[in-house]
Amino acid sequence: MANHKGLISDVDLRSRENNSAHRTREIDQKRLIVRRGQPFSITVQCNGSLPPKHHLDLVLHLGKRDEVEIKVQKVHGAGDKWWFNQQGAQDEMLLTLHSPADAIIGQYSLAVLLMSPDGRVLEKKDKMSFHLLYNPWCKDDVVYLPDETQLQEYIMNEEGIIYMGTWEYIKSIHWNYGQFEDYVMDICFEVLNNSNDALRDSQMDIEQRFDPVYVSRIITAMVNSNDDRGVLTGRWTEPYSDGVAPYRWTGSAPILRQWSKAGVRAVKYGQCWVFAAVACTVLRCLGIPTRLITNFSSAHDVDGNLSIDFLLDENLQPLESRGGRDSSWNFHCWVESWMRRDDLPKGNDGWQVLDPTPQELSDGVFCCGPCPVTAVREGNLGVKYDAPFVFAEVNADIIHWIVQRNGQRRKIRVDQTTVGRNISTKSVYGDFRDDVTVQYKYPEGSKKEREVYEKAGRRVTDVLSDSSEPGRLQLSIKHAKPVFGTDFDVIIEVKNEGDQDAHVQLTMLATAVTYSSLYRGNCQKQTTTVMVPAHKAQQEVLRLRYDDYAQCVSDDHLIRVKAFVEAPGENEPLLTVTDIPLSRPDVFIQVPGKAFVREQVKASISFTNPLPVPLKGGVFTVEGAGLLSSTKIHVSGDISPGQTVSIVVSFSPMRTGVRKLLVDFDSDRLKDVKGVTTVVVRKKYRNIFAEITEFY
């Protein structure tokens with residue numbers, strides 16, 4: 001090397017130009033971040049021309065200890081190798097690097113070598129690095145998605161909507177995915193680097209990262225912390241005092257940053273929508289098209305029999321300790337990622353279910369998927385990964401049993417239609433809901449549905465009673481949409497289709513539950529004898545007062561009402577169950593005037609206490625991708641009934657575009673109150689004639 005010191009004076013990675021062409025400038029403009037299968041160029045500055053027959057070589061390394069080495073070829077190979085071509089003369093050369101469409105993703109170190117005619121290294125310019133991501137715009141990449149509208153949503157959009165509530169009363173919250181926020185990409189690779197596979201054999205792990213099936217499976221395992229150095233610890237009941245309650249999060253970036261800053265220690269706490277949202281952030285950042293899915297009335301079938309069994313005592317109280325671990329959640333969130341499955345037979349490409357919520361082990365690890373959505377719809381349960389579990393989540397039966405005092409079980413209700421309702425995701429065309437249920441299952445009662453059920457081994461007949469005669473009594477529950485903090489009525493109607501009057505005993509029980517069906521306590525119970533005339537209906541009212549439910553209602557604000565009827569002459573008793581969500585007030589946000597990048601903006605935020613009691617410990621949490629990092633503002637003193645509190649938050653937007661400002665309010669008695677507003681951030685610049693504004 002001594003004979004040619006300083007011939008290579010500089011290497012310019014052309015980060016700004018390359019990142020713009022590779023759609024990564026939102027991540028960073030100073031560091032080089034490119035996508036595989038798409039060429040990028042660097043410039044080599046020399047002190048004079050290269051000596052005759054001398055040439056440049058490029059060498060890439062991956063891993064903290066350079067575990068993987070790649071020598072970049074000078075000629076175009078078969079498409080599965082890195083190669084480069086060279087243009088220019090005299091003291092400047094433009095080198096264009098071509099990565100294969102199945103290249104390993106990760107952080108690469110780059111070395112430019114000056115080589116002698118006999119193959120000796122005369123000079124070396126290294127200590128340069130760049131990141132390579134998946135490329136859904138590249139036709140040869142297995143994550144290729146041909147629809148640009150979908151790519152703008154499932155890769156580029158940093159904001160999203162998560163659907164929650166019940167299948168009858170769907171609500172939504174806004175979420176800040178923030179996949180392009182500062183250092184989020186670095187943390188995403190830190191997540192991969194701390195997986196059990198990476199810690200066990202880093203070289204083998206790195207070499208597998210070309211495959212989105214492998215990487216997405218690692219991510220679903222690492223978002224939860226059940227058996228690794230994962231990001232989030234799950235908790236489904238209070239207290240949350242040693243962490244952050246799941247409902248208080250409004251974005252993924254604060255969670256990922258806290259995990260990294262704490263030395264990859266799990267963040268407390270998450271529930272299904274938080275796990276799914278963090279996974280969505282990581283997968284979008286890495287370049288895999290991903291969307292968040294909500295399955296309403298979602299089954300958790302532990303034993304794989306496609307049946308969710310609920311055991312009740314004779315007072316309709318749940319016997320959780322004797323009912324196994326089967327459960328039915330009001331809603332459950334997972335993600336779908338788009339990829340071609342070269343490891344499976346044809347017909348399994350496209351959207352793949354990935355569920356990072358720790359529920360059951362998959363090959364010894366708490367993760368789920370990727371499972372082709374088409375395999376779920378067609379009942380192909382032998383397909384990798386976890387198809388039987390996902391199939392049950394959208395298709396299982398719900399069976400209620402009463403356990404009598406002598407220990408005998410009495411089957412009182414079989415529901416084959418409730419599970420897997422209104423499966424939802426945010427539309428690519430705006431802030432509204434798309435129903436994707438038909439992608440998971442055929443229409444209820446259709447011939448095709450029955451064929452799928454038979455293939456999967458699920459019952460298709462109601463085995464509740466030996467009698468083929470329909471019951472003469474019908475039982476239903478009706479209610480308005482109550483507001484948390486108010487008294488409200490629930491109407492139970494018994495309808496008699498028979499020719500004779502019916503004397504029935506009606507039991508009505510209201511309990512507080514979580515969205516995952518955990519029992520929290522009784523709110524109200526009422527038993528009465530009702531005479532229902534032939535061909536008539538009789539209604540009874542169950543009055544629920546704020547004082548009845550305030551002390552036991554969960555942070556999910558759900559009341560479960562059961563109505564149970566026994567009547568002489570009926571073959572079986574009747575049971576019907578409904579979950580009533582209690583709506584909460586809104587946080588109001590105003591951002592007056594126009595917003596410009598790097599200029600101060602003020603947001604006025606207000607909230608009115610709707611409860612008949614004071615609120616203590618009020619706190620607002622404000623954040624927005626490209627606007628400001630997560631910020632907490634505490635309210636001084638109590639908030640009296642009917643009192644309005646207002647705050648002003650100042651911030652300077654960091655990036656242009658259409659942005660969402662998200663606000664969460666929490667207190668001792670009222671939690672998870674959300675607000676959102678849109679902020680259009682413009683770029684401002686001047687010329688000598690006038691001030692011009694431009695909006696991207």
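Numbering starts at 1 and runs along the chain as it is shown here.
A Cβ is built for glycine as well, from the same backbone N, Cα and C atoms used for every other residue.
Per TrEMBL, the feature active site maps to Cys272 (among others). All protein chains considered, the CB of Cys272 (active site) has 27 other CB atoms within 10 Å.
What TrEMBL records for His332 (among others) is active site.
Per TrEMBL, the feature active site maps to Asp355 (among others). Under a cutoff of 8 A between CB atoms, and with a sequence separation of 6+ in the same chain, the neighbours of Asp355 (active site) are Thr220, Ala276, Trp334, Val335, Cys367, Cys368, Gly369, Asp386, Val390.
Sequence-distant contacts (6 or more apart, same chain, Cβ under 8 Å) of Glu444 (Ca(2+) binding site) comprise Thr417. Under the heading Ca(2+) binding site, TrEMBL lists Asn395, Asp397, Glu444, Glu449.
Residues or ranges marked as compositional bias 'Basic and acidic residues' by TrEMBL: 11-26.
Residues or ranges marked as domain 'Transglutaminase-like' by TrEMBL: 264-358. On the 0 to 100 pLDDT scale, the domain 'Transglutaminase-like' (264-358) averages 91 in this prediction.
Residues annotated as region 'Disordered' in TrEMBL: 1-26. The list of residues near the region 'Disordered' (1-26) in space but at least 6 beyond its ends in sequence, with Cβ under 8 angstroms from a Cβ of it, reads 32-35, 38, 40-48, 50-51, 110, 112, 114, 121-125, 128, 130, 133, 135, 137, 155-156, 158, 180, 655.
Residue with the densest Cβ environment among the binding-site residues Asp397, Glu449: Asp397, by other Cβ atoms within 10 Å. The two recorded residues Asn395 (Ca(2+) binding site) and His332 (active site) have their Cα atoms spaced 14 Å from each other. Note: the CA-CA distance between Asp397 (Ca(2+) binding site) and His332 (active site) rounds to 17 Å. Shown in sequence order, Cys272, Thr294, Asn295, Ser298, His300, Thr357, Glu393 are the residues of the chain, 6+ apart in sequence, with a C-beta less than 8 angstroms from the C-beta of His332 (active site).
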